[in-house]
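Chemist: Before we start, here is the structure in question, set down as structure tokens.
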Amino acid sequence: MAPTKDSVIHMGAESWDEISEFVTKKGHGVKGLSELGIKTLPKQFHQPLEERFSEKKILERASIPLIDMSKWDSPEVVKSICDAAEHWGFFQIVNHGVPLETLQRVKEATHRFFALPAEEKNKYSKENSPINNVRFGSSFVPHVEKALEWKDFLSMFYVSEEETNTYWPPICRDEMLEYMRSSEVLIKRLMEVLVVKGLKVKQIDEIREPMLVGSRRINLNYYPKCPNPELTLGVGRHSDISTFTILLQDEIGGLHVRKLDDTGNTWVHVTPISGSLIINIGDALQIMSNGRYKSIEHMVVANGTQDRISVPLFVNPKPQAILCPFPEVLANGEKPVYKPVLCSDYSRHFYTKPHDGKKTVDFALMN
């Protein structure tokens, strides 16, 4: 049941405590605020002027590369993928091998979870979840953000089938597991292309595999319609810290990618393509490639008329992995740009501050 105005906060209130009580502590999220029919965005969500998005920033008639993966190991496709990773950091793929029926079930399960009553979703909040690997929340890191983001999320870190069956929300668990299993072949193919063929790494052995794809995390993101979308963001400027991310988005749109080699502040809208998946390079692979592949700033704008969902699957190094350039990349005398960094330290650094563009990767720069 949707909350009523009488049951929650005075929307004219200035206190974060009232907003926090409703959004986070009671589990309504920003979806609950949207469902109240509020006409004015609470000031806690107002982004600084320099961070707000304008249509004037969009590079018209531009798009990220679209790649057909049906012949994924052909020289032409290998070149297209590696070029996209180097010059864009983002690309869309079709004929990727993940069944379209699986993708549809994932989207339906995402809507089912966020349609749950607040008290059910709140069972997975930071304060109530029985395990750290499953977390429902809003924004990014609210306790350190000066301006909150207009987004609710469910984050699930995969450890084992046993833990998943015990702790992941039953209303979406099976669909997310099916999606993760269906993505394994795609993940291996992308690693073969980007690392073995692109970076000339001899092989992905039992030592290197955990360094590249040692863990998985899946997020369910919900961006409700917003009364003043021009004042806030769904997600602020950032790059992912993953090796790479596989993103499923719905047909609404809203994801924008910063254009590389651009001296101005221009962005490219990632137009939804039915049946496609979006691949974006993460900081970890930028470090391991010594900067050849690029993790690119991206953001999600708020929408004033429609709700939006997305489901990123983060393919991450194992927390105990050491991030550093591959020796093969440096074999011809190339100087390392990045120092060795423990993956868990890098991740901890990312999650202790608000989204701030590409500044996280500076943590790994050589002194």
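From the backbone N, Cα and C atoms, a Cβ is placed for every residue, glycine too.
Pulled the feature table from Swiss-Prot, pasting it below:
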DOMAIN    207-317  domain 'Fe2OG dioxygenase'
BINDING   TYR223, ARG308, SER310  2-oxoglutarate binding site
BINDING   HIS238, ASP240, HIS298  Fe cation binding site
Chemist: Restricting attention to the domain 'Fe2OG dioxygenase' (207-317), give the mean pLDDT.
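Modeler: Per the prediction, mean pLDDT sits at 95 for the domain 'Fe2OG dioxygenase' (207-317).
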Chemist: Can you tell me how many other Cβ atoms are located within 10 Å of the Cβ belonging to ASP240 (Fe cation binding site)?
Modeler: 24
Chemist: With an 8 Å cut-off on Cβ-Cβ distance and a minimum sequence separation of at least 6, pull the same-chain contacts of HIS298 (Fe cation binding site), or say none.
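Modeler: HIS298 (Fe cation binding site) has long-range Cβ partners PHE90, VAL235, ARG237, HIS238, SER239, LEU255, HIS256, VAL257, ARG258, ASN280.
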Chemist: For SER310 (2-oxoglutarate binding site), which residues of its chain lie six or more apart in sequence with Cβ-Cβ distance below 8 Å?
Modeler: ASN221, TYR223, LEU247, LEU248, GLN249, ASP250, LEU255, VAL300
Chemist: Can you count the other CB atoms that lie within 10 A of the CB of HIS238 (Fe cation binding site)?
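Modeler: If we count other Cβ atoms within 10 Å of HIS238 (Fe cation binding site), we arrive at 21.
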Chemist: In angstrom units, rounded to an integer, how far apart are the Cα atoms of ARG308 (2-oxoglutarate binding site) and ASP240 (Fe cation binding site)?
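Modeler: Each residue's Cα considered, ARG308 (2-oxoglutarate binding site) and ASP240 (Fe cation binding site) end up 20 Å apart.
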Chemist: Is it possible to get the count of other C-beta atoms within 10 angstroms of the C-beta of TYR223 (2-oxoglutarate binding site)?
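Modeler: Taking every protein chain into account, the count is 29.
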Chemist: Within 8 Å of the Cβ centre of HIS238, ASP240, HIS298, which other residues of the chain have their Cβ, at the recorded Fe cation site?
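Modeler: Surrounding the site, in chain order, are VAL235, ARG237, SER239, ASN280, SER295, ILE296, GLU297, MET299, HIS355.
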Chemist: How do the residues of the domain 'Fe2OG dioxygenase' (207-317) split into helix, strand and coil according to DSSP?
Modeler: 15 helix, 46 strand, 50 coil
Chemist: Around ARG308 (2-oxoglutarate binding site), how many other C-beta atoms are within 10 angstroms of its C-beta?
Modeler: 23
Chemist: Let me make sure I understand the span of the 2-oxoglutarate site: among TYR223, ARG308, SER310, what is the greatest distance between any two Cα atoms, in Å?
Modeler: 9
